[in-house]
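Per TrEMBL, the feature transmembrane segment maps to 22-43, 55-77, 89-112, 118-143, 150-170, 182-206, 218-240, 260-282, 289-310, 316-335.
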Amino acid sequence: MDTELGNKNEPEQHQNKKRMKLFLVFLNCMLMAIGQVAGPLLMRIYYLHGGKSNWLGAWLLTAGFPILIIPIAISYIRARAREQAGRLLVTKWLFGASAILGVLLGLDSYLYSFGMSYLPVSVSSLLGSSQLAFTAIFAYIVVKHKFTHYSINAVVLMTFGSLILGFHMNGDKPRGEPKGKYILGFFMTIGGAALHGFLMPALEFTYLKAGKAITFDLVLQVQFLISMFATLFCSIPMIINKDFQDISKEAAEFGLGETKYYTILLIAAIVLQFLVIGSLGVIFSSTSLLGGLVSSLLVPVQQAFAVIFLKEVFNAEKGMALAMCLWGFASYLYGEYQKPTKKNRPIS
């Protein structure tokens, strides 16, 4: 009788797990959406009205990591309530990998921050969308995700989209900004997209090589460590450059007022941490490729918000680059849909 009950419960348990997985995918995608749309807008406002520190912009991306203490604490309390010993789940391998990924994330944050300081959001978001192409390439190299005609098509289209923006640099350059700084911001953003494209498969590889079951509690601890090491990495040049001491001076001279200066930085730190949590969470609940797809899908939303709130110009070249981005995204998504469903296996 008990065996029959157990067999009947198995399909129900499978359905519950499937629903939970879908819920986690949806939740992490929503966190990504909030962070990816609001974060760059807030940082661009910071730079437009007197903000000067690129390292501060990079530091803000992960400085909100103490927020993760709340879900980690809840997880610990629940474990104690179930009479399970709350403990550090991270192995030496995961700790070392988290440290390396954290340093790379800090560097990636600086590249994006530098780009945002000189490029309009409508340009930086389109360039950033090329990370899907880099994700596809590095996912093939690192975690053996196979290339298809659709993924190759997506890579080519997004590359051409970036080239179109590159040929139209002068038309988008803000008034009074040196051309050299604009060009440097352009290539720094491309570099940030490439590094971000590597980070996502690298994290997926880290999970595959963890040597233990990857649970939600473990992912929270890994996220905390990655963000902590990224913040420490960005803090060192800020201390050397005395950026922390200059915050009060910068706030006093900020174009929108001191109160709005601190409000912008605080909200930016929170929503950018949402972006980090969502990006890492999508990899846990699905794959690095889905993270790249969602990031690219949010580009049109970023474009719309930049035009509405920052009064940025949306010209024909940006429209063509956006069309190529969406075409590449659709091609990639269709290719993923055509694949037979297979569970990810650890790499031997």
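Each residue, glycine too, has its Cβ placed from N, Cα and C.
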Report summary line: Residues outside the transmembrane segment (289-310) whose C-beta sits under 8 Å from one of its C-beta atoms, at least 6 past its ends, are 25, 29, 32-33, 36-37, 40-41, 44-45, 48, 120-122, 125-126, 128-129, 131-132, 135-136, 139, 145, 158, 197, 200, 279, 282-283, 318, 322, 325-326, 328-329, 332-333, 336
Query - Other parts of the chain folded back onto the transmembrane segment (316-335), taken as Cβ under 8 Å at six or more residues beyond its ends - result: 122-123, 126, 129, 132-133, 136, 148-151, 153-158, 160-162, 164-165, 167-168, 171-172, 293, 296-297, 299-300, 303
Report task. Please give the sequence-distant neighbours of the transmembrane segment (55-77): residues at least 6 beyond its ends with Cβ less than 8 Å from one of its Cβ atoms. Result -> 39, 43, 46-47, 86, 102, 105-106, 109-110, 112-113, 116-117, 216-217, 220-221, 223-224, 226-228, 230-231, 234-235, 237-238, 241, 243, 247, 265, 268-270, 272-273, 275-277
Query raised in the report: Under an 8 Å Cβ to Cβ limit, what residues of the same chain, 6 or more beyond the ends of the transmembrane segment (260-282), are close to it?
Result: 24-25, 27-36, 38-39, 42-43, 45-46, 56, 60-65, 67-68, 105, 200, 203, 219, 222-223, 226-227, 250-251, 254, 290-291, 294-295
